[in-house]
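Contents: one structure, followed by commentary.
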There are 2 protein chains.
Amino acid sequence: MKKWLDNFKNMRFLSRFADLIGLLKICQNLHFDTSKPFSRPTEYTTTKTIRKQCTNLLLQPATEVRSWLNLFKTIIADGEGVLWIYDKPIPGAIDALNQLKASGKQIYVCTNNSTQTRQQHAFKAERLGLNIRENEVLCTAHATAQYLKDLEFLKYAYVIGAEALTTELDAAGIVLHNDSGPDIMHETVEKFATEFRKEANVGAVIVGYDTHFSFCKLAKAVTYLKNPNCLFLATNVDASSYTGDMVLPGTGSFVAAIEYCTGRKAFVIGKPSANMCTRYIQNGLIQPANTLMIGDNYQTDMPFGHNLGFQTLLVGTGTHTWSDVLHLKKLNGNLAKHLMPDAYIPKLADLNYFLPR
Amino acid sequence: MKKWLDNFKNMRFLSRFADLIGLLKICQNLHFDTSKPFSRPTEYTTTKTIRKQCTNLLLQPATEVRSWLNLFKTIIADGEGVLWIYDKPIPGAIDALNQLKASGKQIYVCTNNSTQTRQQHAFKAERLGLNIRENEVLCTAHATAQYLKDLEFLKYAYVIGAEALTTELDAAGIVLHNDSGPDIMHETVEKFATEFRKEANVGAVIVGYDTHFSFCKLAKAVTYLKNPNCLFLATNVDASSYTGDMVLPGTGSFVAAIEYCTGRKAFVIGKPSANMCTRYIQNGLIQPANTLMIGDNYQTDMPFGHNLGFQTLLVGTGTHTWSDVLHLKKLNGNLAKHLMPDAYIPKLADLNYFLPR
C-alpha cells in the first residue's frame with residue numbers, strides 16, 4: 001500500500017514535469033491548441049473579412065453576411081447565454097435559430113450543462129419555443145453515458161453528479177453506479193474511512209456538476225482513482241457560473257480538486273473537448289467544413305468550434321463580449337487564435353436582419 | 001456585476017498566461033525554485049560527501065556524520081512520518097530528537113497539520129514523550145493566525161477549516177469569522193444562493209483542512225474572493241494523506257478547486273513556503289546557516305529547508321524513501337535540486353548511533 005502511494009507521488013511529480021514540457025512545446029509552436037481531431041482548411045471558403053477576426057457582422061455589408069451564412073448547412077448553438085439565461089429566453093434568439101432551421105439548415109443545441117438529460121434539455125428548449133428534437137441536443141450527461149457505452153463499459157461507475165447523469169447512465173445500460181444526492185461527514189473522518197466499503201470492480205469515476213459535492217465524495221473518488229485502470233471522466237470543466245450576486249463553483253473546480261489530489265488528468269467530454277460531436281462527424285451528420293458554432297464563451301465554445309474545424313460566431317449575450325475578445329487579441333495575438341471567433345454579433349436576434357422571412 | 005465578471009474571466013486567462021511565462025523563465029534557469037527568501041551559501045560548510053546528494057548517513061564514517069551533526073545549533077523536525085504516524089510514535093525517533101536537544105541543540109517540531117492548535121500539537125508531542133514546549137512548535141493554524149495578526153487584520157475572515165483554526169484566530173484577536181463544522185445544501189442551489197447573506201467587510205478567505213468541505217463552503221469562498229482586496233490564504237497545499245486503504249484529500253485539493261474557480265493563487269503559509277519560520281529567523285531565534293530540517297517528504301519538507309537556506313535530512317519512515325529520491329534525481333537531475341535532501345537516514349532512531357549518550 002505504502003509502496004503504491006510512493007509510486008503515486010512520483011507520478012504526480014512526473015505529471016507536473018510533463019505539463020511543463022507540454023507547455024514549452026505549445027509555446028514553441030506559437031499556439032495553445034494541441035488537439036485537432038479534425039483537419040481545418042488552411043484557406044477558408046469565407047470572405048476575407050470574416051476570418052478569425054471576430055468580425056462584427058453588423059458592420060459588414062448585408063450581402064456579404066448573407067453569403068457567409070449560406071455557406072453553412074449545420075448550425076450548432078450553445079444554449080445558456082445564447083438562447084436563454086436559466087429559464088428566460090433571450091429575446092429574439094430562439095426565433096432566429098428557428099428561422100435558420102426553416103431555411104433548411106440542420107440545427108443542434110450543444111450544452112455543457114450535465115444537470116439535465118438530453119430529453120430534459122429538449123423539453124426545455126421546446127417549452128421556450130425552439131423547434132428541436134431530442135437527437136438535435138448535444139449534452140454532456142448523455143454524451144458521457146454514450147462514451148462509456150461505446151467502450152462497452154460494464155463495470156461499476158462512481159458518480160459525482162446530478163440525477164440526470166445517473167439517469168443517462170441507466171439509459172445507456174450502465175446500471176452499476178451510486179445514486180446522486182448528499183454524502184456528508186456524520187462523525188469523525190477516521191470512522192468514515194474505517195466504515196467505507198469500497199465497491200468491487202470500479203472502472204470509472206465520473207465527475208459532473210453536483211451541488212452536493214463534499215469531502216466524502218472527493219475522498220471516495222480519489223480512492224477509486226488510485227487504480228490506474230479506473231477511468232477518470234469529467235462531463236466538462238467550466239470554472240464557474242453565477243446567480244445574482246453569488247459565484248457558483250463549476251464542475252471544473254471539482255475536477256481540479258481531484259486532479260490535484262491524484263496527479264491524474266480527467267478525460268473531458270464537454271466543450272472545448274470534441275467528444276460531444278465526434279460521433280455525429282464520424283456518421284457524416286455533421287460536416288465540419290459547412291458547420292457554424294455559435295456560442296457566448298471564448299474559452300469553451302470558440303476553441304470547441306476551432307478544434308473541430310467549424311467556423312465560429314460569438315454572441316454578446318452571455319459570458320464574453322466583443323470587447324473582451326478584442327482585448328484578448330491585443331494582449332495575446334496569435335497565442336489566442338483558437339479562442340478567437342470568426343465573427344461576432346451582439347445578440348443572436350440580430351441575425352434576423354440577414355435571414356429570409 | 002456582469003462587467004465585473006467579464007474582467008474576472010479575463011484575469012483568469014491572464015493568470016494562465018502568466019503561469020506559462022513563469023514556467024518558461026524557470027526552465028531557462030534550469031531550476032524550479034523561484035522564491036528564496038533567505039540566501040543560501042554557495043559553498044556549504046559541510047564535508048563534500050554530505051551535500052545535496054541524499055547521502056545515506058549509515059554509509060558514511062561515523063566521525064564524519066558526527067562532525068556534520070555538530071554543525072547544527074537548531075534542528076527542525078516534521079512530526080507526521082518522522083516522529084509519529086497519527087497517534088503512534090515511530091520507534092526511537094522521539095528519543096533521538098530528545099537526545100539532540102539534550103546535547104544542547106534547539107529543537108522545533110514543524111507541521112502542516114492545521115487541525116490542531118499549537119497547544120494541542122505540543123500536548124500531543126509531550127504525551128508521546130518529546131521534551132518540547134509550546135513555542136517550539138511551528139504549525140499552520142497558529143502561523144496563519146499570526147500572519148493576519150501581524151497585518152493588524154480587523155476584518156471578517158471566512159474560514160474553511162477545523163476548529164483549531166478558528167481557535168487560533170480567536171487567540172490572535174481575529175474574532176470576526178464563521179464557525180467550523182458542516183455547511184450542507186439543504187434544498188435547491190437557487191434557494192441557497194437567494195438566501196445567502198454575505199457577511200460585511202470580508203477581508204480574508206482562509207482555507208485549511210476541513211472534513212466538512214462542501215459545495216456551499218466552496219461557493220461562499222469564491223463569492224468572497226470576487227473582491228480582489230479579499231486575501232486568499234491557505235494553511236498548506238498538501239495533496240493527500242491516507243488512512244488504511246483510503247486516500248483522503250489534502251488541503252491543497254480544496255485550494256486547487258478555489259484557485260481554478262477564481263483564477264486567483266492562494267498565499268500559502270505552510271511548507272514548502274517559508275512563512276512558518278520567517279518570524280523566528282527575523283528574530284534571530286533560527287539561524288539558517290546552522291539549521292537542519294528533518295522531514296519525510298521531498299515535496300514539502302525538503303524545498304522548505306532548501307528555500308530557507310537550511311540543510312536537509314530525509315528520513316524513510318513517511319512519505320518518501322531514499323530510492324524515491326534517487327529515482328527523482330535520475331529523472332530530473334538539476335531540475336529537482338531544491339527537492340534533493342543533503343542527507344538521508346532510514347529512520348530518525350538511526351541517528352542514535354552518532355549521538356553522545
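Yeah, the Cβs are placed from backbone N, Cα and C, and that goes for glycine too.
Straight from TrEMBL, the features:
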type: BINDING; residues: B:D78, B:D296; note: Mg(2+) binding site
type: ACT_SITE; residues: B:D78; note: active site, nucleophile
type: BINDING; residues: B:K271; note: substrate binding site
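Annotated features taken from TrEMBL, shown on the structure.
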residue : record                 : DSSP class
B:D78   : Mg(2+) binding site    : coil
B:K271  : substrate binding site : coil
B:D296  : Mg(2+) binding site    : coil
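Listed in sequence order, B:D78, B:E80, B:G81, B:V82, B:L314, B:V315, B:G316, B:T317, B:G318, B:T319, B:H320 are the same-chain residues six or more apart from B:D296 (Mg(2+) binding site) with CB atoms under 8 A from its CB. In terms of local Cβ density within 10 Å, B:K271 ranks first among the binding-site residues B:D78, B:K271.
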